[in-house]
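Engineer: Sharing the feature lines straight out of TrEMBL:
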SIGNAL    1-26  signal peptide
DOMAIN    53-143  domain 'Cadherin'
DOMAIN    153-259  domain 'Cadherin'
DOMAIN    260-377  domain 'Cadherin'
DOMAIN    457-553  domain 'Cadherin'
Amino acid sequence: MKTISRSQYHFMVLVEVLALHGLVSANSPPSFDEIPGSSPTKYYDMDRERFREDITVGNFIYTLVASDPDGDCITFGVQDGSEYFDVSDQNCTHADVRLMQEFDYETTTSVSATWTLDDGHNDPVETEITVYIVNVNDHSPIFVCAPYAVLDVLEDTSEGTVIYSITVIDNDVGSSGDCTVTITNLDEYGNIFYINSSVVAEKTTVADIYLTGNLDYESLRVYTLKLLVEDFGTDPGPLNSSATLYVNVKDVKDMPPMFIGLPYYADVPENQSVNTTVMEVFAVDGDLGVPQRIRYDIVSGQNVADLFWVETITDSGKGVIYTLVLLDRRAIETVDGIITFNLTATEIDQYNQPLSDITTFTVVTIVLLEKDGSPYFDQSYYNGSIQENSQMNRIIHNIIMIVKYSDSTVEMASFNLKIINNNVASEAFYVSPDRALFSTHAVIKVRNPEYLDFESVQLFNLQATDMDSGVNAEIVYSITDVVPPTDSFIVNRSTGVIGLKDTLDSKTSTDEYTLTVMARDRGYPSLSTTALCIISVLGINEATESGKKCLLFSVIDYIIK
């Protein structure tokens with residue numbers, strides 16, 4: 001037991017006596033102030049206050065207000081809630097509450113804390129409070145397993161089949177966690193897909209993608225579906241996310257072989273030796289995803305078919321047509337030396353046996369040529385004059401040349417005209433026309449007037465000549481490839497004019513076609529070159545539809561022999 005002195009004892013007795021007579025009062029503890037007009041009574045202690053869950057950490061969210069009856073300075077503190085709140089910013093009667101950890105309605109809907117008020121004279125006063133968290137739409141929906149890998153779908157998949165199911169999670173509770181999924185670019189593919197989404201559980205939505213049309217591997221191999229998911233949140237508004245699903249169309253065997261580079265046309269001089277190479281042909285399996293080997297055959301039962309034979313080259317997949325006999329134009333019953341027969345392409349297995357009864361036919365045209373003729377001028381010498389100040393394209397007076405082909409029986413006998421012996425002359429003048437068929441009237445025109453200077457040159461000596469005459473100068477045009485594949489285009493084999501045999505539809509067709517066009521002469525050996533022609537398909541408002549066999553352009557503009 002602690003002992004006290006006599007003087008201490010007398011002091012304590014004196015204090016008690018004074019207190020009984022009201023001469024000395026005890027120190028009172030502090031308390032939170034009442035909020036005026038609140039019913040039921042509320043205090044500035046934050047109890048039962050409501051806060052949005054999206055308040056930013058670090059912000060001041062409330063001001064505590066307390067007072068002490070003795071006017072003592074109050075120190076504010078926090079217990080059992082210090083992970084959420086801080087009251088370090090304070091004075092003797094006020095303390096600002098700062099948020100130290102974010103609210104999450106989906107984790108907890110309320111937070112409790114204990115405030116302490118200390119006046120330095122009494123034990124700290126403790127006040128327990130509870131604040132409530134208000135739910136807001138603060139979680140965006142998420143595609144499960146995104147980004148999505150390529151989805152393989154067989155091209156013969158029936159309509160109405162569910163080809164893929166998508167799961168979406170939204171961590172908001174209530175209606176903010178409910179979602180709908182859409183495909184935003186359905187129109188690009190003719191609406192052959194359909195999506196149906198439904199909420200299957202809280203925070204979980206499932207969307208099924210259906211096939212509502214026919215897939216075609218040969219037309220389009222990959223569909224890129226743009227997905228959008230949006231929730232039904234209203235505060236502050238709906239949130240969304242996007243993803244991409246790639247639908248890879250898998251090929252199945254449903255297409256016959258396709259010949260490439262049609263039409264097949266070749267010129268063969270008569271009396272060539274047996275087994276002379278006539279042309280190469282090429283076909284591919286119409287099922288491009290799982291291509292099979294191709295075998296070529298000439299249809300029997302045609303008299304002209306006995307004049308040729310075809311070899312299948314296994315390594316390259318090509319076919320080579322050869323002469324079977326010595327060809328004599330006069331001995332073969334033809335019209336203008338033209339021979340046609342049917343060529344077939346059949347898919348085969350490793351044992352050279354047909355895989356199906358589907359066979360593709362095409363017509364091969366062979367022109368049997370007579371001995372070559374040559375072009376000639378009607379005069380051996382021409383003389384003309386022109387003024388030195390003549391303009392471009394002015395014709396030289398007194399020169400009209402007549403050029404003819406010596407063998408008019410040869411079909412499509414053509415020749416070129418150009419100036420060859422004088423570089424300056426070829427820069428100053430040109431022959432018009434520069435190409436002719438059978439015969440023509442030709443003139444010489446001014447190309448560049450700067451060369452017509454009398455003080456510098458008073459005389460030009462020009463040769464006109466055929467650099468490539470007879471069959472060597474005859475050009476045959478053909479389309480060897482079209483991307484994407486279509487047989488809607490045709491080319492006049494003689495003039496090089498490309499046309500349509502089917503009307504194109506800009507809404508269903510591709511926007512652009514790339515044609516590979518070959519120009520081949522009839523010489524022996526035959527020489528050739530190719531060029532790319534890009535054709536854009538315009539809408540009805542962009543170009544006037546002119547129907548079938550619409551003139552597009554001339555290949556001669558693209559191919560220079």
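Heads up, the Cβ atoms here are built off N, Cα and C, so glycines get one too.
Where the annotation comes from TrEMBL, it is an automatic prediction and has not been curated.
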Engineer: Kindly report the helix/strand/coil residue split of the domain 'Cadherin' (53-143) according to DSSP, in that order.
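Structural biologist: Result for the domain 'Cadherin' (53-143), in helix, strand, coil order: 0 helix, 46 strand, 45 coil.
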Engineer: Work out, from DSSP, the number of helix, strand and coil residues along the domain 'Cadherin' (260-377).
Structural biologist: 5 helix, 63 strand, 50 coil
Engineer: Counting by DSSP secondary structure, give me helix, strand and coil numbers for the domain 'Cadherin' (153-259).
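Structural biologist: Computed counts for the domain 'Cadherin' (153-259) are 8 helix, 55 strand, 44 coil.
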Engineer: So what pLDDT does the domain 'Cadherin' (53-143) average out to?
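Structural biologist: Here the predicted model's pLDDT, averaged over the domain 'Cadherin' (53-143), is 94.
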